[in-house]
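Notes follow the structure.
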Amino acid sequence: MSVEDGGLPGLGRPRQARWTLMLLLSTVMYGAHAPLLALCHVDGRVPFRPSSAVLLTEMTKLLLCAFSLLVGWQAWPQGAPPWRQAVPFALSALLYGANNNLVIYLQRYMDPSTYQVLSNLKIGSTALFYCFCLRHRLSARQGLALLLLMAAGACYAAGGLQDPRDILPGPPPAAAAGPMPLHITPLGLLLLVLYCLISGLASVYTEMLMKQQRLPLALQNLFLYTFGVLLNLVLHVGSGPGPGLLEGFSGWAALVVLSQALNGLLMSAVMKHGSSITRLFVVSCSLVVNAVLSAALLRLQLTAAFFLATLLIGLAVRLYYGTR
């Protein structure tokens, strides 16, 4: 398995085991995000500002990177601090910031189910930017694997989980008497395409930047998250009046922030030593973790669509990373 395919050739068993453990941890953290957010709900809604959670996550990443450099876990480069190399990370932070805000804005122009299904197009956009910007060619087998990955995401989003209350006999509750119909406006479709393009570009551009620079990963993350904190601080302040920065936070909310911060650092390691394609597989495999945790913690029921999606993900992994 090559670096471009997400592996690390020539590693001994201990380091290969650590790499595998890192990918598994990231998969679990991605999958746990939505169930943990659901556990934060009070009276059916999140009691804190979403911008607060994003800002605190970026601040936690920044502090962890600074701590890593201060205690010497990663050595500071020789000579003067290469601050000029920090400037390109501003574009990464801007792309990720635009992407995170588009996710919220898109909900105005389509229903959540349509968004979940169509957002899987970002797998295709990431693959296109990966081939174009990093000049890597995907084989027909790898291309088929990514198509299966897109199909798995769409299949899971279309009905991988079901609330048991939706299948109980008798009339539906009053609150559910008028469910939101499937819909998407022309503007929503245009914004969704923009979202998928930005998502793919942000991932591939950050990977390209991290691999081109011969700097410690912690220092590169320090650059990236400094810009991330500044950008999200501006967005938080500019979002208007609302709850305070820590208002409404609970132990579950703190766990959401910490897990997302750690996952962000793990994904940075994947980008530097693996590839954006590996990240796609991690995110897709996290659907299985998400479903299992939702069934265990939120008592949602797994449907046939979930098992079909799991099968497609397994086939995609086998096709892309299996022996050729």
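Just so it is clear, glycine is given a Cβ too, placed from its N, Cα and C backbone atoms.
Because TrEMBL annotations are produced automatically, they should be read as predictions rather than curated entries.
Features of the protein shown, as given by TrEMBL:
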- 20-42: transmembrane segment (TRANSMEM)
- 54-75: transmembrane segment (TRANSMEM)
- 87-106: transmembrane segment (TRANSMEM)
- 144-162: transmembrane segment (TRANSMEM)
- 182-205: transmembrane segment (TRANSMEM)
- 217-237: transmembrane segment (TRANSMEM)
- 249-268: transmembrane segment (TRANSMEM)
- 280-298: transmembrane segment (TRANSMEM)
- 304-321: transmembrane segment (TRANSMEM)
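With a cut-off of 8 Å between Cβ atoms, the residues of this chain six or more beyond the transmembrane segment (144-162) that come close are 113, 116-117, 119-121, 123-124, 127, 138, 277, 280-281, 284, 287, 291, 294-295, 300-303, 305-306, 308-310, 312-313, 315-317, 319-320.
If you look at the transmembrane segment (280-298), the same-chain residues 6 or more away from its ends with a CB under 8 A from one of its CBs are 6, 23, 26-35, 38-39, 123, 126-127, 146, 149, 152-153, 156, 160-161, 267, 270, 306, 309-310, 313, 316-317, 320. Simply put, out of 20-42, 54-75, 87-106, 182-205, 304-321, 54-75 has the most Cβ pairs sitting under 8 Å from the transmembrane segment (217-237). If one looks beyond the transmembrane segment (54-75) by at least 6 residues along the same chain, the residues whose Cβ comes under 8 Å of a Cβ in the stretch are 100, 216-219, 221-222, 225-226, 228-229, 232-233, 235-236, 245, 257-258, 260-262, 264-265.
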